[in-house]
Ligand SMILES: [Zn+2]
Ligand SMILES: [Zn+2]
């Protein structure tokens with residue numbers, strides 16, 4: 001599980017930061033990559049990573065502001081050019097369907113793969129073999145969503161030593177034991193899987209929020225996340241601007257992380273009013289409140305263990 | 001008068017070439033810059049030039065394929081952010097209005113300047129103090145236009161020597177003489193402007209065509225251009241592919257240049273199947289037919305004297 005920040009700026013692109021997009025690589029878990037937002041030139045950024053557009057099979061759109069969606073039509077079109085033929089599902093606020101369909105239709109873009117567009121309602125969005133996905137409305141000028149990706153708990157490792165001690169030699173039988181709650185041995189004895197498994201591996205939780213004003217209401221939704229990705233459009237001094245434009249400050253993001261017991265906070269969506277020289281200060285403002293904080297830059301990657 | 005090639009690739013962006021856009025700088029002639037097409041990330045390319053988005057007051061869209069228009073909503077939005085408040089006019093094929101209005105509306109983008117969108121009909125598009133603009137339908141899978149920008153002839157230089165010899169000393173009177181067909185001297189004598197002007201400066205002509213299959217019908221439209229910008233999606237060998245996909249080859253573009261007596265040919269819209277190593281060959285194919293040819297790369301600039 002790996003996060004790649006493709007764009008970490010706010011509002012419009014600069015030489016330092018592109019507009020919003022984050023990739024969650026689940027190649028081991030689901031042989032796929034999920035995208036969160038797709039600002040203009042996201043496909044250009046992808047050219048400089050190892051991400052294959054055809055592997056991207058879900059796109060989560062937090063809200064419809066241009067810096068989060070204007071890269072969608074181009075990405076969808078290029079995914080066709082590059083031989084994508086597997087279905088792609090887009091989840092986004094009401095209006096996302098009209099935006100995409102109008103863009104593709106008027107530009108006479110014909111996709112080589114099925115495109116499914118689902119408009120969001122709060123709650124559970126979808127469930128796959130290994131994941132459950134939830135969304136919640138945040139507090140922005142227009143409807144803006146946060147996403148909580150919950151990996152399902154995985155059974156512990158089969159305790160081979162124990163089985164061998166019982167006189168059960170390795171073989172296809174081990175797979176049978178691991179995949180069924182109970183198993184009847186050739187001698188008629190019934191054994192329980194749970195007695196031969198190590199501790200359950202708890203699923204990881206990743207919360208990625210769209211643009212939002214700071215509010216305690218987001219606390220429960222991100223509670224206990226392994227990683228929380230939160231916007232920090234402004235520094236702590238500009239609390240009033242953040243309030244006015246429905247955004248958050250470094251300090252507010254850190255407070256949320258602290259109060260909801262997340263393990264790691266990653267700040268993104270940094271206003272272009274801040275330059276390289278300001279980044280350490282922005283980061284310190286957050287770290288003073290929540291130590292395990294990172295300020296993302298374009299192409300920053302982090303593995304979630 | 002200067003052309004800046006912002007994107008010279010076809011279909012989708014690569015590390016070497018962005019999708020289509022060309023800027024025509026008329027800072028001396030009209031204190032403005034005109035854009036021809038606006039593929040995705042055109043605004044990103046502009047960041048690496050000296051072009052000011054607020055100076056761009058006309059955008060000519062050749063056709064609605066994604067690689068020519070997906071950068072429009074982002075550009076329009078950023079022009080607002082950057083303090084643009086002067087009107088902007090977009091000329092493009094039927095559908096351009098719906099595309100732009102839907103994108104801006106759904107993304108809740110509010111522009112700080114008046115936006116005028118005019119859908120094209122063949123013939124004269126507009127006339128300004130110094131220019132006349134024409135368009136013509138080409139031969140592509142969807143309606144695709146070429147543009148012919150004709151600078152008006154400018155009166156020659158005032159021949160100061162002659163005036164002085166006649167006993168008319170320099171002063172505000174010179175401006176009066178230059179701006180009126182006839183002028184009455186204090187002594188009652190009527191003089192004619194034409195007798196005191198050097199040779200008329202012929203206006204320059206720039207023809208920029210959108211994607212098109214090769215056809216003799218384009219010849220008259222580009223006749224005598226100082227610069228012809230023409231697509232060359234394929235090399236001369238791939239004539240059949242060009243035919244099939246409604247594009248042109250290097251050779252076909254050069255033939256048009258030759259047969260319509262243009263002064264300079266600039267090739268663009270190069271397929272990503274060709275790499276750096278192929279460019280000299282593509283260029284040679286064209287030069288064999290029309291010597292004064294250039295193969296544009298991103299950020300190539302040329303001044304038109
Ligand atoms: Zn934003
Ligand atoms: Zn094209």
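Including glycine, each Cβ sits where the backbone N, Cα and C put it.
Model, not experiment: these values are computed from the prediction.
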| said: Among B:110, B:269, which residue shares the Zn(2+) 2 site with B:67, B:68, B:211 according to TrEMBL? | reply: B:269
| Same-site residue for Zn(2+) 1 (record: TrEMBL; known: B:63, B:65, B:211; options: B:44, B:140) | B:140
| task | Looking only at C-alpha atoms, tell me how far residue B:65 (Zn(2+) 1 binding site) is from residue B:269 (Zn(2+) 2 binding site), rounded to the nearest Å. | result | 13
| said: Give me the long-range Cβ neighbours of residue B:63 (Zn(2+) 1 binding site): same chain, 6+ apart, Cβ under 8 Å, in sequence order. | reply: B:93, B:140, B:142, B:143, B:144, B:145, B:210, B:211
| field | Other CB atoms, at most 10 A from the CB of residue B:67 (Zn(2+) 2 binding site) | value | 28
| field | DSSP-derived structure type at residue B:67 (Zn(2+) 2 binding site), helix or strand or else coil | value | helix
| query | What residue among the binding-site residues B:68, B:140 has the most other CB atoms lying within 10 A of its CB? | reply | B:68
| query | 10 Å Cβ neighbour count around residue B:211 (Zn(2+) 1 binding site)? | reply | 27
| request: Measure from each Cβ of the binding-site residues B:65, B:67, B:140, B:211 to the atoms of ligand 2 and list the residues where some distance is under 6 Å. | output: B:65, B:67, B:211
| Taking the centroid of the Cβ atoms of B:63, B:65, B:140, B:211 as the Zn(2+) 1 site, which other residues of that chain lie with their Cβ within 8 Å of it, listed in sequence order? | B:62, B:64, B:68, B:138, B:141, B:142, B:144, B:210, B:212, B:246
